[in-house]
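Residues or ranges marked as active site by Swiss-Prot: ASP232. The domain 'PA14' annotation in Swiss-Prot covers 405-564, and the record cites sequence analysis as its basis. Swiss-Prot lists ASN19, ASN324, ASN489 with the feature N-linked glycosylation site.
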Amino acid sequence: MGEISPRGGDFDIDYILENASSLEKISLLAGHDFWHTAPLPRFNVPSVRVSDGPNGVRGTKFFDGVRAACLPCGTGLAATWDQSLLFDAGVLIGQECLAKGAHCWLGPTVCIQRSPLGGRGFESFAEDPYATGKLAAAYIRGAQSTGVISTIKHFAANDQEHERISVNAVMSERALREVHLLPFQIAIADAAPGAVMTCYNKINGQHVSESKEMLDGLLRKEWGWKGLIMSDWFGTYSTAEALNAGLDLEMPGPTRLRGPLLELAISSRKVSRSTLDERARTVLEFVKRANKAEVSTVESTRDFPEDRRLNRKLAADSIVLLKNESGLLPLNLKALKSAALIGPNMKTAAFCGGGSASLQPYYSISPYQGIMNQLPPGVEIIYETGASSYVFIPELEASEVRTPEGQPGLRMRFYREPPSVKERRVVEETILQESSWQLMGFSNPQLDRLFYADIEAELIAPATGPFEFGLAVYGSGSLFIDDQLIIDNTTVQRGGNFFFGKGTREEKATVDLVKGQLYKIRVEFASGPSSKLMKPGVVNFGGGAGRLGMVQAIDPELAIARAVEAAKRADVTILGVGLTRDHESEGFDRSHMDLPPAVASLVTAVLDVAPDAILMTQSGTPFNMLPWADNVKTHLHAWFGGNELGNGIADVLFGVVNPSGKLPLSFPRRIEDTPTYLNFGSERGQVTYGEGIYVGYRYYEKVLRDVLYPFGHGLSYTSFAYSDFAVDTASATLNVRNSGDVAGAEVVQLYIAADATTSSIARPVKELKGFAKVTLQPGETCSVSIPFDRFTTAFWDQEAHVWTCEKGQYRVMVGSSSQNILLEGVLEIKETTTWSGL
């Protein structure tokens, strides 16, 4: 391959296909490197840059990359239920792409959350396929309005991390169509994303990246898809099969399964030259379109005031007020004398989930910071952590350590040889701002796949007492303090969830430190090929990774006791608990819904002495809130809220913003209640989608199962009245009035129910088929119209293999949640019709 081209000029696709050699055409069909397509300099075809991820644009580096805007996670964006706002969010994503020099954004994610345990559930929008498709379409339209290309992913049913590259997702044709493909179908029809990324998994026995039925038959022929189909990273598993099925682009590069293997496949007539030309044409069309984007020539930043304002609105509008029984919120700042801010999530800025969604933010605002920013002088603040909730021991930040030369941070030096070789030459050096490193995509021409690195820093102990250190690696590593071996994660390794499930467990050791004393820290690291672990079904991203953590050991009982005393003293107690990217991440699924035991005990203990405490929970997907959730009076839920998380929370707490978020997921009472309790995770390479079409609220309603908080639920500081409901063949209309004292926004949700006595097939109790968000001043009334479309009454007939709209009467319901239906009407379909395609 040649050098990566700068932005090229125009090029003639037909001319290239007529005059390029087979080797040149083949080179187009795999990435040049981790983040770029291959150029053809002879024909003025440039390289195109792609970049993750669903809630921000990381750029080309997991390791030592440029900082970026971080938006709320997918479920947080969906909680706004605001298609106009998601368009604006997409515009910001597109602008970030341009600043990072990226022509193509690898997002959004639209796989359905079958289970609360799915590691990437926070990346997707909602448990409902219709809502997911509509919200994703708005996000895509916004991003593509800037000229960049969106890549909708992961096609399809990539909803668990366990053995994700090998698991066979077995489901009915109806479940596949009505639940798992429908978000893609709606978003493609409404927004025309420029690319589709295939999933890692199999569906009904075949990897989707080599399924002719899924890629050529359904996506290209039935849906008329004209855009690019790319693999997920290292998600190409064959040469001829994938090419013939319709997979245009293998990512990342350099190629593993094209190149010489594709030459052989063409020579042996397993792949025709016409197929080669078809795939090359699609890639060239993609590059031609992408090259029109006015991207920066260098990876840069754009942390502008208007971006911060938008991100703050996204954070605030995503927050869901679950309970406000005593009317405590919004808090009256003028009457506030003292406040206890308690909990492990209070000073943690959990701005994003883990994996492809993670990035280095321009900045992050913790709930504690956000609250402090708005408190007037004179309010007494009592802060207590109360309990630890981390999975991995917290990383060392640059402010806590210095390099041997005295700079903030940790010095990382790369070598060709191991530490046993004296007088090694330093090949590359960088300064880490935190004590973790992910080296997939990292390369240096002087280093082989097996290379070595020393991470060194000086630590001045902040206190006297026991400190816990932890080291997790993909590769191998050992921790030394003052040249004494403290942790050996080289000789014997135990598999864990670190680094997309490829790495080790975090090995730990406790060391007594003396306040003010200087300690020399060194990690001797070797890259991925030195690992002793082998795991089935796990993506091999290569490179290597490591994470060093340090935390002062605390007595759990004493920490809770201090929090209880703080709650007793304060006028108002705000308790912040939940999950972080340690708990929710690409690479692994949660094994349970529970909080760490100490955190659950903390909540119970604080509520016992402060029953009016405000509970602020945070996560991307539901977690176990029993037994205390039934007793709490005031409860709001934030998500992984992006850069402005803490400011958004404070805006809602103090009434700067009237909460308008609604749950895009049902919050179950127990994991045992969920539709996938018996059918989640790979068993001998297979997972059966036994719930069929009954995902989320559809399941809970069908089996009469109570939930803690229903799909679509969310309260406001004002109230709304619905009236004058009318239904015709094209739409449903109603009036909504703000009957309260403050301005606010309401999400009107429309559900359809088939008549069970006349329907020829089992249907959900009701299905979401439309929604609209309106903002009203006190006393203001507006008319809301929600149009019907071809999906309004349709189901997939898996015998005839078509969508069917069956004649009969359908109940049309509108309400403020799936369980709070306020008005009903009737839609009559006079004759049965069938259809296919988009």
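For all residues, glycine too, the Cβ spot is worked out from N, Cα and C.
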(request) Based on Cβ atoms within 10 Å, give me the single least packed residue among the glycosylation sites ASN19, ASN324, ASN489. (result) ASN19
(message) Please identify, among the recorded positions ASN19, ASP232, ASN489, the one with the smallest Cα-Cα distance to ASN324 (N-linked glycosylation site).
(response) ASP232
(request) Could you measure between ASN489 (N-linked glycosylation site) and the residue listed as 'active site' for me? Cα positions, answer in whole angstrom. (result) 30
(message) Going by DSSP, is the residue listed as 'active site' sitting in a helix, a strand, or coil?
(response) coil
(message) Please list, in sequence order, the residues in the chain of the residue listed as 'active site' that are at least six apart in sequence and whose C-beta is under 8 Å away from its C-beta.
(response) LYS153, HIS154, ASN158, MET197, THR198, CYS199, TYR200, SER209, MET251
(request) Could you tell me which three-state DSSP class ASN489 (N-linked glycosylation site) falls into? (result) strand
